[in-house]
Amino acid sequence: MALNVVILAAGKGTRMRSDLPKVLHPIAHKSMVQHVIDTAHNVGSDAIQLVYGYGGEKLQSVLGEQQLNWVLQAEQLGTGHAVAQANSNIADDDTVLILYGDVPLIQASTLEALLAAREENGLAILTVNLPNPTGYGRIVREANKVVGIIEQKDANAEQLAINEINTGIMAAPGKQLKAWLGQLSSNNAQGEYYLTDIVAMAHRDGVAITTAQPDSAIEVEGANNRVQLAQLERAYQARAAEKLMLEGANLRDPARIDIRGEVSVGMDVMIDVNVIMQGKVTIGNNVTIGAGAILIDCEISDNAEIKPYSIVESAKVGAEASAGPFARLRPGAELKRDAHIGNFVEMKKAVLGEGSKAGHLAYIGDAQIGSGVNIGAGTITCNYDGANKHLTVIEDNVFVGSDTQLVAPVTIGKGATLGAGSTITKDVAADELVITRVKQRHLTGWPRPVKLKK
């Protein structure tokens, strides 16, 4: 028996006031529908049917490389009609799990509970109790057993008083589902084919109907406009922040942090306000992350410090190392143990060795730098000749004076000293002192320029 997931993603989302299909709007830097697809994989889906309509080309350009069966709903005639478009991809013995592309916070654990609640060849529906159920379909019970779902516009006064509502998420047996979908009618206030009508059909046919509920109602809330999208974003961030704190992070203010990927932290990590973490970020023990830092696809080792307003992207920061404030580690950069870069230092595709330092105002690109090296302010590795990149090698215990340019390819030997203001175009041997600046001249009585009168 296969788990066949149908994700409804055909809506335009008019209230978003956007050319982008609604389900492509992001939560935590990932489209809503991608969150749902990932959750479907997490519950062990054997196949995913993505029912699309408006903006199909944009959807396929974003999601096209994934293992999905694309099912077109040419006309938007209701949720029942949408699911029916996938009938040819549903086997009789499938368990069909129906999800929604604009409900991104649904948890795998909730769906697992729903599937567990379903009896053999039965129908399981996910419900939730709301203090204000206005706008939602109500769960109709008799003797505590579900007998149907009534939509808001079709409900009478007694039914409108029901607080248990339909989330739309359900698990159904493939054979019966296809039969029920074929019996749907659009004879209702909306003139649509309601998926919810299959619940009454299941009751009629004597099929066991069971229910499950999520831990929080926010899991089943959708986003129809940008206000609701922002509310879901905040809910996602609150949940992600809570997870970090339970793992051992101290968050200066959990409401002022953005987590946009897979973040893992060690013990006693301190994270200040307005930090953004994106992609896969791994943080060791006793790490300090300063205010406004941005971490993207990076590794921060034990006892390291990322000072305020620094950016670490696709880079590694070793144990005891530090970066910032206002430092930038670009892809391929690595700080070894106890290395340091200070304010306005940029590194790309370069390694700064153990205990080495670049305190301020430097660019280090395509470079291999040994241990115990001092990089003076204003140092530049000139790595690009207009066509190709070249490597700079600086061996252990080198002292590079301020405002030095190293024109790659070039190698500086161990213990060498480069005088301030030098432009190095040739290799330097170990323990040499090299100075290339012009000899200082003194011109007495030099007349300074005078501004012309207008």
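Quick reminder: no glycine exception, Cβ is built from N, Cα and C everywhere.
Between the candidates Ala358, Ala416, Ala420, Swiss-Prot assigns the acetyl-CoA site shared with Ala377, Asn383, Tyr384, Ser402, Arg437 to Ala420. Site extent for acetyl-CoA: among the recorded binding residues Ala377, Asn383, Tyr384, Ser402, Ala420, Arg437, the largest C-alpha separation is 22 Å.
The two recorded residues Arg437 (acetyl-CoA binding site) and Gly11 (UDP-N-acetyl-alpha-D-glucosamine binding site) have their Cα atoms spaced 67 Å from each other. DSSP assigns Asp102 (Mg(2+) binding site) to coil in the three-state reduction, outside any helix or strand.
Secondary structure from DSSP puts His360 (active site, proton acceptor) in a beta strand.
Annotation for Asn374 (UDP-N-acetyl-alpha-D-glucosamine binding site): same-chain Cβ neighbours under 8 Å, separated by at least 6 residues, are Ser356, Lys357, Val398, Phe399, Val400.
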